Amino acid sequence: MIDRTKNESPAFEESPLTPNVSNLKPFPSQSNKISTPVTDHRRRRSSSVISHVEQETFEDENDQQMLPNMNATWVDQRGAWLIHIVVIVLLRLFYSLFGSTPKWTWTLTNMTYIIGFYIMFHLVKGTPFDFNGGAYDNLTMWEQINDETLYTPTRKFLLIVPIVLFLISNQYYRNDMTLFLSNLAVTVLIGVVPKLGITHRLRISIPGITGRAQIS
């Protein structure tokens, strides 16, 4: 007899969007819920200037594991790395059209890239996709990358880019102390410090300046 089981294809193939139930955590028993009630970290309010985002509850962690977070997975692609170089080159060409001197052209390029990156990766919270039940509503895109694993190759690349950009632009305004200090402050305080582990899940609230920037 001919064994046809090897030639037959499975009737159902797992879709990329099929929930990953293997990583889900077990639901706590009723006794655990009574002894240790679950608190929703997203509802907490703090009047202090500096606060720290609490770890997700088990419901949020399960929601995060259900489907891939498409808001952050694209950042790991090598093509996404190239986008940063292309954006910097385009900014440099754009500002050179106005006849600015090289030091001002590189200053505007440096500040535009770093501030734009900060708004996109460190200021806006949540995700435009509603696949995870709002489990990422309290996290920035930077905190969503690589499941919050620090110093991955992608994170290191994104950390090095503003530093290299500053070193390149520094060749043009090294004799101008004002521009040097301005670019140094922007690079360090906005381009580097928010990417370090000491600022992970850290929130600095300045009344009237920083607000609840979140994708809805």
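Cβ from N, Cα, C; glycine included.
Swiss-Prot annotations:
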- 17-38: compositional bias 'Polar residues' (COMPBIAS)
- SER9: phosphoserine (MOD_RES)
- SER15: phosphoserine (MOD_RES)
- THR18: phosphothreonine (MOD_RES)
- SER22: phosphoserine (MOD_RES)
- SER29: phosphoserine (MOD_RES)
- SER51: phosphoserine (MOD_RES)
- 1-50: region 'Disordered' (REGION)
- 100-103: topological domain 'Extracellular' (TOPO_DOM)
- 170-177: topological domain 'Extracellular' (TOPO_DOM)
- 79-99: transmembrane segment (TRANSMEM)
- 104-124: transmembrane segment (TRANSMEM)
- 149-169: transmembrane segment (TRANSMEM)
- 178-198: transmembrane segment (TRANSMEM)
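Under 8 Å from some Cβ of the topological domain 'Extracellular' (100-103) lie the Cβ atoms of residues 169, 172-173, 176, 179, all in the same chain and six or more residues away from its ends. Residue counts for the topological domain 'Extracellular' (100-103) by DSSP state, with H, G and I taken as helix and E and B as strand, are 2 helix, 0 strand, 2 coil.
Taking Cβ pairs closer than 8 Å, the topological domain 'Extracellular' (170-177) reaches residues 102-103, 105-107, 183 in its own chain, all 6 or more past its ends. Other C-beta atoms found within 10 angstroms of the C-beta of SER51 (phosphoserine) number 15, with every protein chain shown included. On the 0 to 100 pLDDT scale, the topological domain 'Extracellular' (170-177) averages 85 in the predicted structure.
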